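Peer 1: Got a structure for you, written out below as structure tokens; questions coming shortly.
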Amino acid sequence: MPRISFPLATRLVALVVLPLLLGAAWLFVSLRASLPPEGELRLTRGVSAPVTITRDTNGVPHIRAASDMDAFFAVGYTHAQDRLWQLELQRRMARGRLSEIFGKESIETDVWFRTLGLYESARSAWPALSPEAQRSLTAYSAGVNAWIAERHPLPAEFRMLGIAPERWTELDSLAWIKVFALDLGGNFRREIDRYIASQALTSGQLAAFFPSYPADAPTTATASSDPQRLAALATFQHHLESAYALGGRNVGSNAWVVAGRHTKDGMALLANDPHLGLQIPSLWYAISVDAPTYKVSGMSLVGLPVAVLGRNAHIAWGGTNMMADAQDLFFERSDQSGERYEVDGGWQPFRTRTETLHVRADFPQQLRKQYAPVTFKVRQTRHGPVISDYYGVFDQPVALRWTALDPGDSSYEAFFRLNYATDWASFKAALAHHVAPAMNLLYIDRDGNIGYLGAGRIPIRKQGQGTLPSPGWDSANDWSGQVPAAAWPQSYNPPAGYIVNANNKVTSDDYPYLISYDWASPARARRIEQLLRQRIDTGQKLTVGDMQHIQADTVDLEASELMGELRHRLPRGEHGAQAAEYLASWNGDMRGDSQAAAIFTVWMRHFRQRVFSPALRGSWNTPQASKILRNLQDDVSLAYIHEMLHRKDGLWCNESTAPGRETCDDQLSAAQNSALWELHKLKGDWSMSSWHWSGIQQTVYTHLPFSQSKPLRKVFERRIENGGSENTINVAGASFAGAEGYLQKFGAGFRQIIALRGQHTEHYYMNSTGQSGNVLSPHYDDMVKPFRDVRYYTLDSSFDKKRAAVAP
């Protein structure tokens, strides 16, 4: 039989396929070498005495050091080992240097951060810190740089972008605190939204989108500005939310504490889960440190050496966003030269500085012409940076007043001292230094005590409520001071024996200072309290397991209460009757396997579109302002819809049956029909038994920047089916994304449960993604599924590797 040869195929394999396979194998082995060594590691360089770092089965470092400063060095070293790309990205973001590596698409982001001047503000914060706090940042920076100096193989992101990490500095840590404050405190966008909406809607209509908008507040701004220019600022903030996971309407947290008298073993209990933009790796990094006077376990923010939320040998603490209004926009008047602005009839010169951006050439860089540096001028008034200049608003500048930009920000000092606090008094004394972001801090100690303190710099306004931009040329609109620390909201061992906060209002109406009008819905806080009271009122003693079940709860109280109004308006017709069967006895549980949760959520989305969009659509002829208004429909709460249907005042849909006019029932029926067709399209059939909520809602952990590239997204991004809603304790605020269904990009970044009594400690946690930021590490995404399933690992400073994966 003649021999058959394939010379072309042989050459193709030899010349193309084999080299590609060998190259891929070499690259894989090379990138694997970027992972930190397994097993116990002893640090001897850069420390006063050897430091031991032992990683448990989940990749969490347990650090033993002979001095506190050596411990901070080791935290920096482990952050660099596991999150080097994240550190580089954060440093460049805060400094406004992303376009150096990402190119022209990042110019706008860099201009924004340079305009804010976070690095200049960080420089002014340094002298406000104690020598000990300064030394901790210096030690941390030295630890990061020690790993870099050892010249280990770099993670994939560096290789793909062709860059190397730069040295970390103390100011990089302080600047990152500013970015974190911006993440939690982007209130200025709500001012813009209100300003645009107030010129298009009546005061009654505004209440649908801004439920706590003061009844006596103006619905037309007292100063004139082009809404299109302001809308450009709000649109850019939305870009930051989606591209860089910064800010968003679902930013918040849950936290509660229970006194020892209500628990099974007399242990004070703390539960906490902060809600931020979701990303991979998570913003949070678990640490366990054992040093002479620094014995801390908890969640650190990558870029800082301390546990932001966690425990030490004496106390434990958790936190939520206070939702405080610490930002105000001021319209300014400038003269024709653009070099001076008006103050009480006189003129003052703008403070200015020149910024220069270096922009990377388009891909492939070797074949493209290098971009010329981008130079621009930043103007600043007595209120703060003029954030409107980039959008060309030179005739009506808009300046941002923000507590985080005030000189002498001592926020890091607060958390540094908090890590050393031993009791309620030292807890409060530490937090007296806190500036931004304003936070609710909850407390437990080993004697069974519980407490709460709202900490942060909250402005006092001479007049107005900070809900709309104010005329900056009149000093009557200025801030007159700040709420004194002695008057911050607080509670210690209240009669109820528990304290709950889920970004809801923290003070009663007789509190003498204005904190905010932007509180979250009280639904989550009500549900937490409801579940606690169910157990307490029946004589049950609470346990760590109860805290776990509460954190896993997916009942949406607003949905449950609205269903009481909707049960006599359920879908009809062939498909509607089947849907009605699922909804008839539904209690508002948004668990992932619920068909009713899917039907209800899609129904309400279409109802919002039909009822609220017409008033928002086209209110301005400018596209950006119109887009801002249209997006407001997502802010209409289920509680407002319930009230609207019950009230029957005809404000949004007609209750009359006059011919040619749609009633609320007509709108509900039409929304039902379009919702069922949407679900049919998403699921591909009319078999509603397969219409599970988790089948159309996914949690998305975005990778920065590779989620923006479809091919790379599949390698670096992670998604998982999930239940929940923005009102459930197990939170999942999702947005409709067309054929992809509903995508949740904001949610809990970690969960933590801590129990203290005497010398006994129980500490459970779960990060949302994993400890590592290296895509080749088994700890890159090994917590995604257990986090979705609300499971826990132990975090014990007396490290025992066998206990590392034990759940309560």
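Positions of Cβ are set from backbone N, Cα and C atoms, glycine also.
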Peer 1: TrEMBL records Asp325, Asp328 as Ca(2+)-binding residues. Which of Glu166, Glu170, Glu191, Glu413 is assigned to the same site?
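Peer 2: Site partner of Asp325, Asp328 for Ca(2+), according to TrEMBL: Glu191.
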Peer 1: Compare the Cα of Ser253 (active site, nucleophile) against each of the binding-site residues Glu191, Asp325, Asp328 and report the nearest.
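Peer 2: Of the binding-site residues Glu191, Asp325, Asp328, Asp325 has its Cα closest to that of Ser253 (active site, nucleophile).
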Peer 1: Taking the Cβ of Asp328 (Ca(2+) binding site) as the centre, count every other Cβ atom within 10 Å, in any protein chain shown.
Peer 2: 28
Peer 1: Setting Glu191, Asp325, Asp328 aside, what same-chain residues sit with their Cβ within 8 Å of the center of the Cβ atoms that define the Ca(2+) site, listed in sequence order?
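Peer 2: For the Ca(2+) site, the extra neighbours are Asn187, Phe188, Arg190, Ala326, Gln327, Leu329, Gly466, Thr467, Leu468.
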